[in-house]
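Asks: Quick one: the structure is below, and I'll ask about it shortly.
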């Protein structure tokens with residue numbers, strides 16, 4: 001095979017740094033886990049729950065998130081989520097995943113910290129043993145949470161560093177509470193060996209017309225992150241683009257998610273190619289693939305159609321990954337052994353994708 005031969009999108013190795021593990025759970029699995037845990041849902045069939053998965057706004061997404069994540073209560077639930085996603089992602093070429101999970105909400109509903117962390121870590125170990133996919137974990141709090149609970153999350157993350165927890169983050173409504181209110185909670189992260197990987201800059205414009213660049217800038221100044229999940233609001237602010245580039249911050253971008261939540265109106269206008277052209281390392285991820293009906297092949301295809309080559313995404317993934325040097329070396333070897341497509345003309349796919 002030469003770089004000019006057609007290359008299957010599924011065959012190209014992929015690194016995913018932005019996926020919420022709770023958002024990978026498909027409707028049938030939600031119903032199964034709810035039944036296993038003796039929990040009642042407002043719907044009883046896969047079709048009824050699938051209808052709720054068709055979100056068109058961020059508010060729709062948050063309502064669904066609360067409904068579906070509340071069924072996860074036991075270590076076996078959390079472990080199953082990781083293993084199931086690793087199996088599906090492998091079919092799309094995933095070789096390394098940094099999965100996000102949200103322990104604070106579960107703790108507030110009576111689930112123990114250890115139950116959550118043990119379950120997800122066991123799932124990461126099983127994902128590699130059963131499917132050969134390296135999974136690392138980044139627990140995440142939400143803006144609006146009690147800062148002391150967030151600090152406790154960071155402390156627990158440090159205790160599980162040797163089981164694959166590599167970073168910590170914060171997400172949710174960017175204007176619910178200023179990120180600086182959580183600066184003290186995240187301050188110990190570096191000494192614990194953890195990278196800080198918050199969500200910010202998801203919306204270039206908020207519904208009231210305010211710029212998303214302001215909350216992105218505030219998050220960068222408050223937390224000094226190594227990566228930003230989303231970050232597309234930076235594209236409208238050249239000074240902020242310069243800050244991100246100079247600090248070496250990697251952006252974990254999710255095109256389909258941005259379309260589904262209304263962050264952008266048209267994939268053809270997505271800022272990913274502008275950010276990449278500005279010298280910012282960008283990865284693409286699925287965010288919440290079960291909710292947004294997407295997968296890694298689809299996201300890489302969208303990026304390719306926007307002019308961002310898969311090798312560039314893969315190399316940015318290595319740059320941003322919080323794994324140890326041995327794993328990074330392994331990922332570089334995979335990249336070096338791959339025949340990468342050099343133009344979108346050689347990028348063949350059977351994956352579903354939005355027209356651009």
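Quick reminder: no glycine exception, Cβ is built from N, Cα and C everywhere.
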Asks: Hey, Swiss-Prot has Zn(2+) bound by 18, 20, 287. Any idea which of 92, 181, 199 it lists too?
Replies: 199
Asks: Starting from the Cβ of residue 73 (substrate binding site), draw a 10 Å sphere and report how many other Cβ atoms land inside it.
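Replies: Here the count is 21.
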Asks: I want the residues beyond 18, 20, 199, 287 whose C-beta is within 8 angstroms of the mean position of the Zn(2+) site's C-beta atoms, in chain order.
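Replies: Checked against the 8 Å cutoff, the neighbours are 19, 23, 100, 171, 229, 230, 252, 254, 257, 285, 288.
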Asks: Can you tell me how far the Cα of residue 140 (substrate binding site) sits from the Cα of residue 287 (Zn(2+) binding site), in Å?
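Replies: If we compare the Cα positions of residue 140 (substrate binding site) and residue 287 (Zn(2+) binding site), the gap is 13 Å.
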Asks: Tell me, in order along the sequence, which binding-site residues from 18, 20, 199, 287 have their CA within 10 Å of residue 172 (substrate binding site).
Replies: 199
